[in-house]
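Copied over from TrEMBL:
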- 67-95: transmembrane segment (TRANSMEM)
- 107-127: transmembrane segment (TRANSMEM)
- 139-160: transmembrane segment (TRANSMEM)
- 195-215: transmembrane segment (TRANSMEM)
- 222-239: transmembrane segment (TRANSMEM)
- 245-265: transmembrane segment (TRANSMEM)
- 286-308: transmembrane segment (TRANSMEM)
- 314-333: transmembrane segment (TRANSMEM)
- 354-372: transmembrane segment (TRANSMEM)
Amino acid sequence: MASTSNSLEKKITGQRITQDSFFKEPVSHEEYTHFQVKYRVFCCLWAIASIFHMANHNSFTLNLTYFLSTLTAIALLAKPSSIARLLVFALIQMYQAYSEMPDTSNHWVLAAFINLTIVQSYLYLVVKRRSFHIDKAEFLNTFSPLVNLELITLYFFAFFHKLNSGFFDPAASCAVRFLVLQNDYYNLLPTSKDVITLNIYLTILIEALIPILIVLGRTRRWGILLGLVFHCILAYNPLNGFYDFSATVFALYFLLTDASFSAIIKKIYGKLLEGKKLIKERLASFNVLNFTLFAATLIVIMGLVHYYTRTDDYFRHLVWTGYSVTFIILFLLSLKTSRQETQSKVFAGAHYSLYLFPVLVFLNGFCPYLGLKTETSYAMFSNLRTEGGKTNHFLVPVSSQIFNYQKDVVEIISSSDPFFQKLAAEQRQLVYFQFRKYVRKNKVQQVTYLRNGQEFSYARGQSFTTHDLQKKEHPVLEKLMLFRNFYKSEVQGCLH
């Protein structure tokens, strides 16, 4: 079989292909096999992350792009060794994220960047090798360092955005809101003032430690373990179905693991196949014991289905628990044979041109401090405020804003629109860019508002075509930029 494959590769590329053809330094057969296995496992985990994303929104067949995402995820799971299936899956996810912009969720924006990185890496190798036949091990080792950089960038901004007075205020902090909501749902932890305050600093500490431990090779395994446990627990918060975000991060953590984790997964998968074969052989002959075991298994399965059908949150408590706990247990088992990694190759790109998307991931996170968008910039639940010529960030001043979008602020006085009425009642304000876009797209009939302190009134029937609120921004800006509303007071409450 190997000779046939090599013959085909020779016909395609004009040369004989060996594993050493794809690496600057010789690799052992064991290492090469590890990369091949790791590629297949990552494809499975990446497809599973997409399924968790769609499950959170109950959107498997919501529209054509979701349906295609479902199909391509299943197809990739069925044959994770296929580069073609991964590329099709990546392209569909990217289009889906694009079609939802600018309302795409933060983790889905990151997933789109990662898929762009994967596609770019493939094209780079096609040009480099002058062939569409790309070795999976080389492909994995081309995109994974770039994806690792993008993951570290996400953690950097998740931590950096929280360095503001709002997050450290127990009366407003999202860390407090998360703890209270989770405790109301599960009633496991005390909610005394000391515990609430401790949770703020614990959240900051964990989100700082995870990337630091990962970057330092000798502690990478412990950073991954801390992140796995943190995101496993975070997924149970009733505020949102965070298991979609957590599943995405789980898949990305896998790229940072060494050969021992892939070996454990391969070994257990092999044992499961052997067990399946053994069960089929034993059930081939009919006897009372086999019939009893078969019937008992069916009864237990149907009992579980009946129980979880009556619960409102079965996917989180059944599917996410099974997936995340299994993942963590397998990782713990791999630690027994894990090797300490100190090499910088984990974050070293194969060519400078491949750093395009890691740089864009960083710039996307820095947008709030440039005066650009405040949503989809990894500032979720951070209490960060940078609008209206004010900032609550400890380190970045307002003067860093080179664009004026956030300085043009609207306060609603009254409106026929329920959302605007809610903003007025809660003393929340909007950036004019977002205000104008909402008025136009939602056909608001009437609104009275203050724009930078000056009062204006708008009625849809009057000067409809010439009023400034009916003017459109450049389509690219409207597609890329989304601004959150924010509290008028100095204390910035917990908003997305």
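In case you wondered, yes, glycine gets a Cβ from its N, Cα and C as well.
What TrEMBL says about a protein is an automatic prediction, not a curated fact.
Ranked by number of Cβ pairs under 8 Å to the transmembrane segment (107-127), the listed stretches 67-95, 222-239, 245-265, 286-308, 354-372 are led by 67-95. Distant neighbours of the transmembrane segment (286-308): 314, 317-318; these residues of the same chain sit at least 6 beyond its ends, with a Cβ under 8 Å from one of its Cβ atoms.
Long-range contacts of the transmembrane segment (245-265) within the same chain: residues 30-31, 34, 37-38, 41-42, 45-46, 48-49, 52-53, 105-107, 110-111, 114, 144, 147-148, 151, 214, 220-221, 224, 227-228, 231-232, 234-235, 320, 323-324, 327, 330-331, 333-339, 341, 346, each at least 6 residues beyond the stretch ends and with a Cβ under 8 Å from a Cβ of the stretch.
For the transmembrane segment (354-372), the most Cβ-contacting stretch among 139-160, 195-215, 314-333 is 139-160 (pairs under 8 Å).
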